[in-house]
Amino acid sequence: MNIEELTIKKVHEGLCAKKFSSHELIEAFFDEVETHDKDIGAFLSLHKESAYIVAKEVDAIFHERGTLHPLSGVPLGIKDNIVIEGEITTAASKILGSYRAVYDATVIKKLKEHKAIFLGKNNLDEFAMGSSTENSAYKITRNPHDKERVPGGSSGGGAAAVARGFAVAALGSDTGGSIRQPASFCGVVGLKPTYGAVSRSGLIAMASSLDQIGPITKTVDDAALLFDAIKGVDPLDATSTEGKYTSKSESFTIGLPREYFIDGLDKEVAKKIEEVIEKFKSLKINIKPVSLPHTRYALSVYYIIMPAEVSSNLARYDGIRYGTRVDGIKESISLSDLYVKNRSEGFGDEVTRRIILGTYVLSSGYYDAYYSKAQKVRALITQDFQNVFREVDVILAPVAPTPPFKIGEKTKDPLSMYLSDIFTIPANLAGLPALALPHTPWKPNSCGKIGLPVGFQLIGKRWHEEDLFALGRLYEEN
Ligand code: GLN
């Protein structure tokens, strides 16, 4: 069995045709990860015990009924900021260290009902803050296409795992691009759903008005399947909604926003995006130039709103209620010294930087100048999209301005790191769905052979995920 070529669909076919049992499949995946993940660093932990229990159940169900749900027995990687009951969840931070989750995230509950299998937890930037997975407190993850380069971030572990065939698919989270950018850097598919489509219950919060969980897969069909399984309203997340899903199905018009095709765009990326556009034209899709005039404020707005929400969400980590307390604290220490010591040692530099920045923009005197101003500009950015969506159905844009960069290249310069999200952030600010697709569709054993992957994204109207899947499938098939 060549596990690297498996998609969700092929796992299902293989199990139903008795080409392999669920137990054999899981064994093959754990073998592969245990032998080769030391070169990549995609996983932070493996859940062998629970995985084998579920595999046994899947085999028993198949034996009894002769059929299976399409997700039964599918080996998945889960970003380590999504909780699974009884398993360690670190968010790649020292401050959570030994934290063992006491409940399942809603997405996990849903996947458990279908007997999907969680191989383990994937690496990420600490608390999902970063674009390269170099901010993890535990290890770096390498891009399987070129091990000297980053896999993107913050869901870099999941994207690398899928690209390298360590997992059939993965769940990531996207606050400002963290599913799409690593998917693009690793040559796989990633979906950031409409805000509110997928419950955030059990996702360790970064910036609650932007965070969404979504799939990272090898094909568009797999992304649609996984999305379908995890979406839906949830009483545990007041911002989740049932969603009025609609789709167009034919005669699409794609908009090309002028503001996304700028000077800073790498030549190689620009050339590949041009090829994608030509492909769509040859498939009789209308292409129309459009303008999203407030795009240039998106990064600044994001770096005010996101840290503000980070500073309040991360206030709960004090080393008392969750995770690890730093060593050597004396009984006589005051409460505030205890907080300071735990938080200073428990958080990494990037997380600390954002908490400080967020506390500043929310402080009295600066709130109006920064935070409330940013909220107003966020409304203008949302408005831009609404205007453009009167003329076009979908927007096509690059995912990142450059191909995957070298490990260490941007770690000393936060601003240049932040710029890698310039094209992904607007969809989060506006709550829109966006699907990242590789210029060269994923193929088994392609790592190291196709050069550096480059991705493009399709941004849709709210609840129009189906439009993105339809166009994505069209591209993939042609
Ligand atoms: N790279 C972006 C950041 O550092 C996005 C993170 C994310 O989407 N979780 O904030």
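Glycine is no exception: its Cβ is also placed from the backbone N, Cα and C atoms.
Feature list (source: TrEMBL):
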type     : residues : note
ACT_SITE : Lys79    : active site, charge relay system
ACT_SITE : Ser154   : active site, charge relay system
ACT_SITE : Ser178   : active site, acyl-ester intermediate
DOMAIN   : 24-468   : domain 'Amidase'
Of the active-site residues Lys79, Ser154, Ser178, which ones put their CB under 6 Å from ligand 1?
Ser154, Ser178
Run through the Cβ atoms and count how many others sit within 10 Å of the one on the residue listed as 'active site, acyl-ester intermediate'.
36
Distance from Ser154 (active site, charge relay system) back to the residue listed as 'active site, acyl-ester intermediate', taken between C-alpha atoms, in Å:
5
Which one of these active-site residues has the most other Cβ atoms within 10 Å of its own Cβ: Lys79, Ser154?
Ser154
Lys79 (active site, charge relay system) and Ser154 (active site, charge relay system), Cα-Cα, nearest whole angstrom:
9
Please report the three-state DSSP label of Lys79 (active site, charge relay system).
strand
